[in-house]
């Protein structure tokens, strides 16, 4: 082999490696325009709350961080449920509104499930596989995981932080049904929405109230005990969709400086109320069963005020906070990997100051989340986008073929008529 041939092969190998690295590092979501920039910070706040909720008890006496004990559930997890259901429902109902027939609606639903498969389930599948084959030292503060097959089939995950994933995935299948009913209800949408909200919260406050077994995360992966929390997020999406359809005169009322100031103040007051009522540090008699659904309602109202009042000082707390936005961008990885960071940091090192330990946990968690995003989540989203593009191309081809068939039919019929 000549020197020139060796140089060509070497350059080809370098180019290939460079293209692979570029593909991994290129963010598949960078071209996606999101008008709700502040919700990344909101998501980051929820992820931060969950992380500190699991970190503080491991370190010993919580001290000034007592507020985060149990707040990870009432604020972090329930906040995630509300936000996730809002974003997915809002996007689908907007896509439905652009559709021209039922076939296009079916295509929207099909692409929705493709996105959820590649965005959530496949990264979750890879994560579960890694923790099952990995050493015990990286399994996190929870080592009692269910079997690998039990985890990937979304059965009860065991006593660990993965209990929310099966519940959220189950709600993904209900969102298209909610959007279909809302879309075809037309001008009678409120006559269906209002009774459904009342019936939901009546049932969950009386006959369907959750019990202690439903809160045993090691054995329970039921959706219905948390359905009202998810549904409240979907209701916000439907109401905000109708709010956007209002005439500009009505919208200008809510966009006025005085109204934004009022909404900002109300948002701060609701946040203060949530902190003082959803944390055992402030409310010793908080009941996981009795108070399980109320946070979802209050978070949904707060989210709606944030949406119609943005931008204001309250939304800027989340939207312009660099740390919260970065945690929010990689929040799925933060949620998956933070127990492993807690194990590696707090069980192997002893810090004189608690804040130093928390900072190290957060840095390792964020590093793991970033690596997981670019090595797993981002490539999977790109594969999902490629598959969606192929579906769209096939749809365009089929539409073109039907159009061409109609033209041929018209030409044949015209020629027959002329011969007659």
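Cβ atoms are placed via backbone N, Cα and C, with glycine included.
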Range annotated as transmembrane segment - as stated in TrEMBL, picked from 67-90, 91-114, 379-402: 67-90
39-58, 299-318 - the range that TrEMBL marks as transmembrane segment: 299-318
Annotated stretch (transmembrane segment, per TrEMBL) among the listed ranges 223-241, 242-260: 223-241
Selected stretch (most C-beta pairs under 8 A with the transmembrane segment (67-90)) from 162-182, 189-208, 223-241, 330-349, 355-376: 223-241
Spatial neighbours of the transmembrane segment (162-182) far in sequence, C-beta under 8 Å, 6+ residues away: 77, 80-81, 84-85, 88-89, 92-93, 96, 105, 109, 112-113, 116, 120-121, 124, 128, 145, 151, 154-156, 189, 192-193, 217-218, 220-223, 226-227, 230-231, 234, 238
For the domain 'Acyltransferase 3' (37-373), the mean pLDDT of the predicted model: 84
